[in-house]
Structures are given as C-alpha cells and as structure tokens.
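S.K.: Grabbed the feature section from TrEMBL, which reads as follows:
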{"type": "TRANSMEM", "residues": "A:24-43", "note": "transmembrane segment"}
{"type": "TRANSMEM", "residues": "A:49-72", "note": "transmembrane segment"}
{"type": "TRANSMEM", "residues": "A:79-102", "note": "transmembrane segment"}
{"type": "TRANSMEM", "residues": "A:138-161", "note": "transmembrane segment"}
{"type": "TRANSMEM", "residues": "A:168-186", "note": "transmembrane segment"}
{"type": "TRANSMEM", "residues": "A:216-233", "note": "transmembrane segment"}
{"type": "TRANSMEM", "residues": "A:264-284", "note": "transmembrane segment"}
{"type": "TRANSMEM", "residues": "A:304-328", "note": "transmembrane segment"}
{"type": "TRANSMEM", "residues": "A:340-360", "note": "transmembrane segment"}
Amino acid sequence: MAELNPARFAGTHRKAVFDAGTNWFLGVLFAATLLVTLANQLLPPDSPFHVATFTVTLLGKYLTLALLAVAVDFVWGYMGILSLGHGAFFGLGGYAMGMYLMRQIGDRGVYGHPELPDFMVFLNWSELPWFWQGFDQFWFAALMILLVPGTLAFVFGWLAFRSRVSGVYLSIITQALTYALMLAFFRNEMGFGGNNGLTDFKDLLGFDLQSDDTRIGLFITSAIALSLGYLLCKWITVTRFGRVMLAVRDAENRTRFSGYKVEHVQLVVFVLSAMIAGVAGALYVPQVGIINPGEFSPLNSIEIVVWVAIGGRATLYGAVIGALLVNFSKTWFTGVMPEVWLFALGGLFVFVTIVLPQGISGLFRHLKKKQGDPPIGPDAPVHREATA
Amino acid sequence: MKMNKSGGRLHWLLALQAVILMLLASSPHVFADEALDQAVLKLQSPKLMEVRQALPLLKDSESEVADELLAALLTSDLYRSRADDRLVVMGATMPGGVEVRRLDMATEPPGLTEPEIAKKGDFRRVATNNAMRRQIRTLIATRSLQHKEVSRRLNAVNQIFDKLDEDNVELIQSAFAGEDNAEVKALMQQALQLFRLQTGALGDQLEAAQNLQDSLQPAVVNEFRSLRRELTDIADTRPLTAQEKLLQRAASDGIRKVEEKAEFYSKVENLFFGLSLGSVLVLAAIGLAVTFGVMGVINMAHGELIMLGAYTTFVIQQLMPQQVGLALLLSIPCAFVVSAVVGMLIERGVIRFLYGRPLETLLATFGVSLILQQAVRSIFSPLNRAVESPDWMHGVWQINPIFSITYNRLFIIFFSLMVFFALLLVLKKTSLGLRVRAVSQNRAMAQAMGVRSAWVDCTTFGLGSGIAGIAGVALSQLTNVGPNLGQSYIIDSFMVVVFGGVGNLWGTLVAGLSLGVANKFLEPFSGAVLAKILVLIFIILFIQKRPRGLFPQKGRAVDG
C-alpha cells in the first residue's frame with residue numbers, strides 16, 4: 001500500500017517545460033488574447049463579433065483569478081499543501097496595489113486633501129501613517145506586492161513547516177490566518193479603509209483607469225502575467241527541485257529520511273506561491289476597481305481550492321481551466337438566478353471530490369494514458385494523509 | 001369487596017365536593033377589596049374633595065391595581081369615561097386616538113384591560129392638585145416599602161437612595177420598625193446613615209461615615225467623593241480640625257474599599273463572561289470533537305448543523321408561540337434529531353466515500369455546508385430571525401449593588417456542562433461509546449472483533465451532529481438566528497478542538513473555557529476584534545509548538 005508505483009515516474013525525467021500541455025495552453029491563451037483584443041479594437045461596436053470593453057475587463061479579471069489558481073495548484077497539486085488561506089496573499093497584493101492607486105488620486109478626492117486618502121480625512125487623521133509612506137512610487141508598490149505576501153508566507157511557513165505541521169492541521173491554521181486578517185482589515189483603526197476598503201481609483205502609471213486603452217492594456221498584462229506565472233511554476237516542477245517537491249507530496253517522511261530538507265523545499269514553494277498570488281491580486285484590483293476585506297473571507301480562499309480541484313490538480317493548465325469555468329458560471333448564475341449559485345457551487349464541491357477526483361484534466365489524462373505517457377499528478381489517495 | 005370499593009369512591013366524591021364548596025364560598029372573601037371598591041367610587045366623582053378621600057383608601061387596598069391607579073393619578077393620566085364614569089388609564093397618543101386601558105373590577109383580582117384605541121374626547125381627567133400629588137408620591141413609596149414581596153421592598157429602598165429627603169427618610173424610619181427581613185433592614189439602615197452623612201452635623205457625619213464603610217451603594221460612594229472634595233477645598237483655605245481630618249480619612253477609606261471591591265468584582269465579571277463565552281465555544285466544539293477528534297473526519301458543515309438546530313428552535317417556537325418555555329425545552333430533542341439525521345445523511349451520502357482522504361472530506365463537506373446555507377436562505381429568507389427567550393431566562397441576579405449576573409449566561413454555562421457530561425457518559429459508559437472508542441483507536445482490530453465499523457461511523461457522526469443541533473438551541477437564545485450563524489462558529493470550533501488536543505473531550509472543555517476567558521480578559525485592553533485576532537494568532541503559534549494540542553492522545557494509536 002505504501003509502495004510507490006515506479007511506473008508513475010518512468011519517463012518523467014524526459015519532461016520539458018514545453019510539453020504538449022504547455023504548448024496547447026500558451027497557444028490557446030495567446031490566440032484568445034489576440035482575438036479578443038482585435039475584436040475589441042478593430043470591429044465596429046454593432047458587429048456581432050465585437051467584444052465590449054466591459055467584457056474584456058471581465059476576462060482580464062478571470063485571468064488574474066486563473067493566475068491565483070495556478071499559485072494554489074503549485075503548492076497543493078505538486079507538494080500536497082492544501083492552503084485554505086491563499087486569499088490572504090491575493091488580498092495583500094491587492095491592498096499594496098490599492099494603496100498605490102489611492103496615493104495616485106492625490107487631491108482629486110472628495111475632500112481634496114493633497115496627501116491623505118478620503119477615508120483618512122473622514123476619520124480625522126492628520127497625517128499619513130508610516131506604512132503608507134512610499135506607496136506613491138510605483139517601484140516601491142511593486143516591490144511590496146511581492147514582499148508583503150512573501151514575508152507573511154515566509155514567517156508563517158517557517159513556523160509551520162519547521163514544527164512539521166501538515167495535512168489538515170495546516171489547512172485549518174491557514175484558514176485561521178486569513179480569517180484573522182479579515183477581522184483585522186475590517187477595523188478602521190488599521191488604516192486600510194475598514195469595511196469599505198480602497199476604491200475610487202483614478203489612474204495607474206498616468207493612464208486613466210476608465211479609458212478603454214488602459215483596460216485592454218490591463219487585460220493583455222494579465223494574460224502575460226498568467227503565461228509567465230505558468231511557465232515559472234512549470235519550469236520549477238520539471239527541475240530536480242521539482243522532483244523533490246513531488247517526493248514531499250507523496251511520501252514526506254521518506255524524503256526527509258533520504259536526507260532532503262523537506263521544510264526548506266516547502267518554505268521556498270510556499271513563499272513563491274504566495275508571491276504569485278500577490279501579483280494576481282495586484283492585477284485584479286485595478287480591473288475591478290475596489291479592494292475590501294471581503295477578499296480575505298475564508299469562503300473566498302476555499303473557493304480557489306475548488307477551482308483547482310475541478311480543473312484537476314498537478315497540471316497547472318487544469319487550474320486555469322477550473323478557475324475560468326467556475327468564474328464564468330458564477331457570473332452567469334449570479335446574473336440569471338442568484339439563489340441557485342451556492343447550490344451549484346456546493347454541488348460541484350461534492351461532485352468533483354467524489355466522482356471526479358482528478359478533475360477535468362483527469363479526463364484528458366485518461367485519453368492520453370492510452371498513448372503510454374503516465375502523468376505526474378496524484379492518481380490515488382495518498383496514504384500518508386490518512387494518519388495525519 | 002364491591003361495597004367497599006364503591007364506598008371508598010363515595011368518600012372521595014364527598015371530599016371533593018366539600019373542597020369545591022369551600023373554594024366557591026371563600027373565593028369572594030379572598031379577593032374582596034372593599035377599600036378599592038370605595039376608592040374607585042370616590043375617584044369617579046367630579047369633586048376634588050372626593051378624589052382626595054380616595055387616596056387613603058387606595059393606600060389600604062390590597063390589590064396591585066391600586067399602585068397603577070396611583071401612578072396614573074400622579075402623572076394625570078387617570079380619566080373617567082363621560083358615558084359611564086368607568087376609570088381608564090390613558091397611554092400614548094396613537095394614529096386614530098389614544099391608547100387607553102380600562103379598569104376592570106369584574107376580574108379577580110381587579111386589573112387593567114389590554115390597551116385599546118379610543119377617542120380622547122370621550123373621557124374626563126380625574127382632577128388632582130399639587131398638594132395631592134405630593135401626598136400620592138408618599139403613598140406610592142409607602143405602599144412599595146410595605147409591599148409583601150421582599151424584592152419589591154428592596155427595590156423601593158434602592159429607588160429612594162438617589163433622592164433622599166426629610167419625607168423619604170421619615171417613611172423609611174416608619175417602615176423600618178415594622179420590617180422583619182434582615183436584608184431590607186440593612187439596606188434601610190444604609191439609607192438612613194447616608195441621610196445623616198448628607199445632612200447631619202460634623203459628629204453625626206463622622207459616625208455615619210464609619211457606619212457606611214462597607215457599603216457598595218453608588219449613592220454612598222458619590223457622597224464620599226463629594227465630601228472628600230469639599231474637605232480638600234476647605235483645607236486650601238484653613239487647616240482642618242481634628243474631626244474634619246477624621247471624616248476626610250473615613251471618606252477616603254470608604255472610597256478605597258469600594259474601588260478595591262469594584263476592581264475585584266470587575267475581574268469576577270470578566271471571568272464569568274469569559275466562562276459563558278467559553279461554554280458557548282465548548283458547546284459548539286464538542287460535536288466537532290466527536291466527529292473530528294474521535295473519527296478523524298473534517299466536517300466543515302458542522303457550523304451549518306448548529307444553524308439547523310437554531311432554526312429548529314425557531315420553527316418550534318413559531319408552532320407554539322404561547323408557550324415559549326415549553327417550546328424551548330421541546331426543541332432540544334427535536335434539534336438533536338434534525339441535526340443528527342442530516343449528519344447521518346451527510347455521512348452516508350458523502351463522507352463514506354472519502355475515508356482516509358481528509359483533504360477531500362474537507363472540500364466535500366464544505367460544499368455541503370454551502371448547500372445547507374443556501375437551502376435555509378431559500379426557505380426562511382436571508383434575514384436574521386429572532387428567537388424569544390422564556391421568562392425564566394430573562395432577568396438579572398443582583399448579587400450586590402455593583403455586581404450582577406444575567407440568568408441566560410448562567411443557564412448557558414450549566415447547559416453546556418450538562419451536555420458535556422452527558423456526552424462523556426455516553427462515550428465512557430455505553431456499549432456504543434465502547435465501540436466508538438474501539439474503532440477510533442484501531443479500526444482493523446475492532447472489525448476483527450466483530451464491531452460493524454461502518455455502522456459505528458454512521459452513529460458516531462449522527463451523535464456529533466446531534467450535539468451540534470443542541471448547541472444551536474443554546475445559541476438561538478444568545479444571538480439572532482440567520483443563515484450565517486454556523487460560519488461564524490466553525491473556525492472557532494476547530495481552533496478549540498485543535499487547541500485542546502484531538503480525540504480528547506476534556507481537552508476540548510479546558511480549551512474552550514480558557515479561550516473564552518482569555519478573550520474576555522484581553523478585550524478591555526485591545527477591543528473585541530483585536531482580542532479575537534490575538535487569540536487566533538496565539539493558537540497558530542501554539543500549534544507550531546505543540547502540534548497535538550494541550551492534551552495529546554498517547555499510545556500507539558497515535559501514529560504521525
């Protein structure tokens with residue numbers, strides 16, 4: 001029972017970054033981005049194939065969520081850490097971007113204060129808190145988008161992995177982490193706008209956020225970020241380091257006994273994943289125009305996990321498919337019959353875990369198996385987790 | 001034999017008849033209140049003199065309604081009907097008229113009817129004047145000071161405390177002589193001493209101050225404070241006399257003692273609040289301790305099972321709105337059954353397929369929780385519903401003037417302890433408990449010994465879920481019932497179970513209570529939300545240090 005199937009890994013050393021999955025994924029993403037952009041820019045608005053800017057922004061939002069799903073798949077699918085708190089890293093990246101956008105408003109706010117954002121004037125604050133300093137510079141904000149989620153993930157992960165917290169316990173404390181952050185950000189005293197969060201953004205790097213060109217630009221940037229994030233994760237998984245990740249996922253103790261520093265591997269992957277989630281959040285905020293503590297709610301984080309589960313773990317492209325599919329149907333359901341959405345989502349949770357444990361990409365893999373190319377995804381319940 | 005039997009029956013019948021006759025004969029005497037009858041007649045008169053004569057009659061009346069008539073007379077709200085001179089108490093002006101409550105002498109004892117709307121023009125005010133109003137105030141105070149219930153008398157003295165004057169003090173003095181309850185006597189004594197402190201000569205004041213050293217009454221402390229301030233002001237202009245210095249010291253001592261006591265009691269109060277919060281946590285978490293701890297199943301729908309229990313309470317209360325208390329008692333078994341059945345359905349329909357895959361179980365049960373939430377939202381609307389509390393859960397247990405305990409919190413503490421020990425008993429002493437423990441320790445061995453482990457899983461899950469339902473009944477008495485009720489408790493419950501040590505019910509109890517107390521003691525420094533965050537961070541750090549909780553399970557069964 002504990003034996004690993006050697007056939008599972010046979011031939012995996014041949015894996016390159018640009019395998020069939022990657023090529024297909026990048027190709028489809030590139031073609032779709034190009035088509036949408038052209039359809040928006042060149043076709044007249046009354047053409048049936050014209051894509052409205054609203055739709056483009058919606059697609060851009062989905063792409064950032066897909067990037068978030070890739071980050072979760074990277075830790076869960078390839079290393080077996082089920083994080084129920086990735087919404088926290090996403091939200092922190094989003095807040096860092098939101099703070100930059102707030103500072104860009106300058107004196108165009110409702111109260112017209114040259115330096116303080118509206119909500120601080122409203123709360124009778126006289127000067128900018130120290131942690132808002134520097135966010136008027138884009139490079140600083142960009143650095144923070146990576147550093148803040150990364151640091152939190154580092155501290156949290158260092159504490160957790162060092163003491164070998166794993167499995168369900170880790171999931172629950174990551175959920176507590178994002179829950180604590182949500183409670184904290186709801187407080188006005190925190191200086192992040194409390195309940196209402198940050199909103200009323202005007203422009204980004206001098207581009208007007210309301211203009212069509214900026215929105216197309218953000219869409220394309222999101223597509224590029226998704227491709228880069230995908231490639232980065234894919235590249236890591238095919239290196240030697242990636243092999244160790246898989247080993248940690250399938251038999252943590254054996255890997256440790258073989259002399260690998262399991263907690264280091266876990267920490268590196270966790271921090272990297274958090275940074276990717278932060279970037280996704282930063283691209284998400286200018287497109288939806290608001291960031292508030294609701295992003296930290298445990299439900300959001302657990303929803304991300306479902307995207308990955310539906311798309312199929314340990315494929316990366318599966319995560320993207322899951323994220324796009326669930327979010328499309330969410331938009332559709334909440335528009336047409338909102339009361340059914342939670343039934344559908346809840347049903348999906350149950351259906352996928354029981355009937356389709358390998359997700360949609362598992363179906364692809366099923367077809368590929370006939371061609372004798374074993375996948376590297378988990379294909380059986382990992383026994384180690386049973387005792388955790 | 002036959003004769004004997006029927007003879008016995010005859011005796012019974014005779015006795016019964018006698019009792020009924022006695023009741024019938026005596027009842028008019030029991031409730032007859034001639035003073036009230038006469039007073040009402042006088043009040044119906046248009047002459048001021050007659051109305052004044054009603055006052056001493058009302059004083060002697062034994063009916064509760066006399067108090068209401070006096071109070072209405074004092075605020076000029078007593079009217080008589082133009083048509084038939086019946087007395088009414090007028091209330092607030094409403095659209096379409098005024099609210100009136102009629103005096104009904106036909107009921108026993110006489111009382112006021114339920115409010116109805118009537119035209120103000122149909123009634124004439126019962127005349128009073130200033131002299132009468134003063135008299136009425138004294139009457140009301142006397143009546144309550146000599147009321148037959150101790151609590152009413154205590155209340156009356158307490159109310160006088162804030163507005164002591166010659167008249168009041170005289171009342172208390174006269175009531176003091178006839179008082180036989182020690183508590184009321186002590187309180188009256190304090191009031192008299194306070195009056196001496198406020199108005200007496202220096203010697204009197206000093207003596208009174210020494211007598212009042214142990215008093216916790218806010219009025220006494222305020223008087224001490226103002227005395228101390230006065231004396232300090234005097235000390236700025238001239239040196240104090242020896243007696244004044246003594247008085248100053250007595251006042252300071254009194255304040256210090258009260259402040260020390262206040263600090264002590266605020267700690268006790270925090271502890272009590274913490275325990276009641278903690279027992280809510282325990283109640284929410286012990287169901288989870290069974291499913292998560294004993295079975296190793298992560299049930300994210302646990303919060304929704306709590307919510308179902310709360311909604312069951314709501315529904316039963318809707319079905320029998322007249323008997324709030326009975327509905328609450330009935331809803332305990334009903335909520336248990338509802339949640340247990342739903343829990344068993346979840347186990348048979350979902351979790352059964354996922355044993356050994358905890359992460360998948362977590363996701364699937366989360367899906368179930370979303371479905372349950374939305375189902376409740378669709379059936380009962382997304383709005384919060386208020387569940388009424390029965391009378392015996394309202395109210396405050398006033399232990400002393402600066403410390404009181406609300407009954408509902410006290411009930412919650414006892415209730416959760418009862419549920420806890422009942423569960424402990426089930427797990428330790430019943431054959432079901434034996435099987436549950438066997439399966440949780442070594443499933444394969446238990447199966448080999450003939451335990452039907454699938455059946456045990458199902459029942460255990462039902463047991464844990466049913467307890468979640470009972471927790472919902474308790475929560476419905478503390479907060480509003482809404483679709484999000486469960487979500488707000490699920491993370492806390494997990495924290496409690498993990499903190500206490502998985503698979504250990506005692507750990508859950510200790511963890512829940514100590515987290516509740518910690519939360520309440522942090523609150524004054526940091527505010528409620530920050531306290532919660534601090535506790536969460538503490539648990540996160542704690543799990544790093546001791547991943548298996550406060551009371552880890554020992555033995556070979558635990559195999560990390």
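Using N, Cα and C of the backbone, Cβ positions are placed for all residues, glycine too.
Note: TrEMBL annotation is automatic and uncurated.
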S.K.: Find the member of A:49-72, A:79-102, A:168-186, A:304-328 that has more C-beta pairs under 8 Å to the transmembrane segment (A:264-284) than any other listed stretch.
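M.R.: Maximum Cβ contact count belongs to A:79-102.
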S.K.: Where among A:24-43, A:168-186, A:304-328, A:340-360 do we find the most Cβ pairs under 8 Å to the transmembrane segment (A:216-233)?
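M.R.: So the stretch in question is A:24-43.
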S.K.: Per the 3+ Cβ pairs under 8 Å rule, pairs at least 6 apart in sequence, do the transmembrane segment (A:168-186) and the transmembrane segment (A:304-328) touch?
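M.R.: With fewer than 3 qualifying Cβ pairs, these stretches do not touch.
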S.K.: Residues sitting near the transmembrane segment (A:304-328): Cβ under 8 Å, six or more positions beyond its termini, same chain?
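M.R.: Counting only partners 6 or more residues beyond its ends, the transmembrane segment (A:304-328) has Cβ contacts under 8 Å with 21-22, 24-25, 61-62, 65-66, 68-70, 72-74, 76-78, 82-84, 86-87, 90, 226, 230, 233-234, 237, 345, 348-349, 352-353, 356, 358-362, 364-365, 375-378.
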